[in-house]
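For reference, TrEMBL has these:
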type    : residues                              : note
BINDING : Arg80, Arg124, Ile125, Gly126, Thr127 : phosphate binding site
BINDING : Gln203, Arg205                        : substrate binding site
DOMAIN  : 40-289                                : domain 'Nucleoside phosphorylase'
Amino acid sequence: RENFIHLCNPHLEKMKEDILYHFALGTGTHDFPTLFGDVKFVCVGGSPSRMKAFIAYIAEELGLGSPGCDYPNICAGTDRYAMYKVGPVLSVSHGMGIPSISIMLHELIKLLYHAKCSDITIIRIGTSGGIGLEPGSVVITRQSVDATFKPQLEQVVLGKTVIRSTNLDEQLAQELMQCSKEIGQFNTVIGNTMCTLDFYEGQGRLDGAICLYDEEEKLQYLKNAYESGVRNIEMESSVFAAMCNLSGVKAAVVCVTLLNRLEGDQISSPHDVLVEYQQRPQKLVGYFIKKSLGKA
């Protein structure tokens, strides 16, 4: 059962029913193997609308849907997360920040386990702030690091600090990099991703409601991050990597950079430019899925 989801929770075996509250799904009310048993690829991202756009995109790429086809939200019974499916691909929103994606992943991993899915690949697609990269560059994460540049997630469980690894699947990262070379449409790099607890002070911005450091200190911090191997900053990758590691799932993080943080803090590119940037991780991951299924 090496290629099946591994659950690090012996208590679940004793439960007659498992209610995935934030998905509005449950083993007593839904047939998980029938609904999700054929899933091989799961793509997650912050925005519900972006994940709906992704499922429409991948459906067309795989020849599984007609243009303009509407895809129902499987989690329509809740407004916490949105979930869409076409063929072997599941697309799920996770909200913003570590707490939100953590809750979603607990229930997603259990869903895949109850559905008896095997050989699963989970990829987070999203946006980020770049360091030393031109806006629009795509970063495939080697390791997620914390705000002190350590490849770890520090979590308090039952009052005790637990340290978990945040490495990601190296082979999967290389496969994605090769896909980007084959596409040849945008700059892509493999680098470390810094995962922070907030968008402003935690990322060294000067434009928040509170800022008690100066520009020189900010720039030195970001340069230190760059020298340690960090190429972008976001707010979800550490717990994503840690939970996928513990569950035995191949995982990757693919984020586009919306700005170079060494040159500023505010995202000022025109809306149409940002929309095109945000489509780049979708294109890369879409091509990877097509190639994996022998359809590229």
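Placement of Cβ uses the backbone N, Cα and C atoms for every residue, glycine included.
In this entry, Arg80, Arg124, Ile125, Gly126, Thr127 make up the residues listed for phosphate, with the farthest two CA atoms of the set 20 Å from each other. Using a 10 Å radius centred on the Cβ of Arg80 (phosphate binding site) and all shown protein chains, the other Cβ atoms total 18. Counting only same-chain residues at least 6 apart in sequence, those with a Cβ under 8 Å from the Cβ of Ile125 (phosphate binding site) are Cys43, Val44, Gly45, Phe54, Val254, Cys255, Pro281, Gln282, Val285. Arg205 (substrate binding site): 17 other CB atoms within 10 A of its CB, across all protein chains. Cβ-based neighbour count (10 Å, all protein chains) for Thr127 (phosphate binding site) stands at 21. Same-chain residues at least 6 positions away in sequence with a Cβ under 8 Å from that of Arg124 (phosphate binding site) are, in sequence order, Cys43, Val44, Gly45, His94, Glu236, Ser237, Phe240, Ala251, Ala252, Val253, Val254, Cys255.
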